[in-house]
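A quick write-up on the structure given underneath.
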């Protein structure tokens, strides 16, 4: 039995040798594992840095879509403000120009309708009395209707009376004191001699030949006239 136990236990020097070999082997394994651990740590560090950069990139990419629309909105608001300002300026200029042009536009007079049996022309109403009377009585009839024997102030009114009267002669409001005196209207304002009056008598009438003078007592038809009320309107 002692010999068998002795055979199983290695010699002391061999045991130490094995132990040293195991330690060296362990050290080699440890040294061989060391770089792997360091490499893993470096890889983990590199991976963390890459992830950090990727996260920052994503953060920037996430912010850019928000920043760009904000800048675009600001630009749009600025453009809108400029557009509105220009619109206001254009409207103001248009109004100013229209106001300046307004005095150049001739106003058209819109006259109220003349009363029944009266005819409107220009700013007057005319009544053609078909009953023959002398000049004085004809003037009285006109006054009863708040009018006077007819007066014309321009060639247009005279031509209207000549066209409308037909072929008959009509008393009008011209008269004078004598053949040497100037002609006047019934309100005693001077006649402007727009058309010469033929004859030497003191009372005027409208004939086919234009304006003529006749005796007061001759009976003729007559024309009354009076100013018409009106309101001025733009065309």
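Yeah, the Cβs are placed from backbone N, Cα and C, and that goes for glycine too.
The annotation compositional bias 'Low complexity' is assigned in Swiss-Prot to 30-50. Per Swiss-Prot, domain 'C-type lectin' is recorded for 121-232, and the stated evidence type is sequence analysis. Per Swiss-Prot, the feature N-linked glycosylation site maps to 134; the stated evidence is sequence analysis. Annotation source Swiss-Prot lists region 'Disordered' at 1-50. The topological domain 'Cytoplasmic' feature in Swiss-Prot is assigned to 1-75; the stated evidence is sequence analysis. The annotation topological domain 'Extracellular' is assigned in Swiss-Prot to 97-235 on the grounds of sequence analysis. According to Swiss-Prot, the feature transmembrane segment maps to 76-96.
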What are the sequence-distant neighbours of the residue listed as 'N-linked glycosylation site', meaning same chain, six or more residues apart, C-beta distance under 8 angstroms?
216, 217, 218, 219, 220
Over the domain 'C-type lectin' (121-232), work out the mean pLDDT and round it to an integer.
92
What does the DSSP secondary structure composition of the domain 'C-type lectin' (121-232) look like, as residue counts for helix, strand and coil?
21 helix, 43 strand, 48 coil
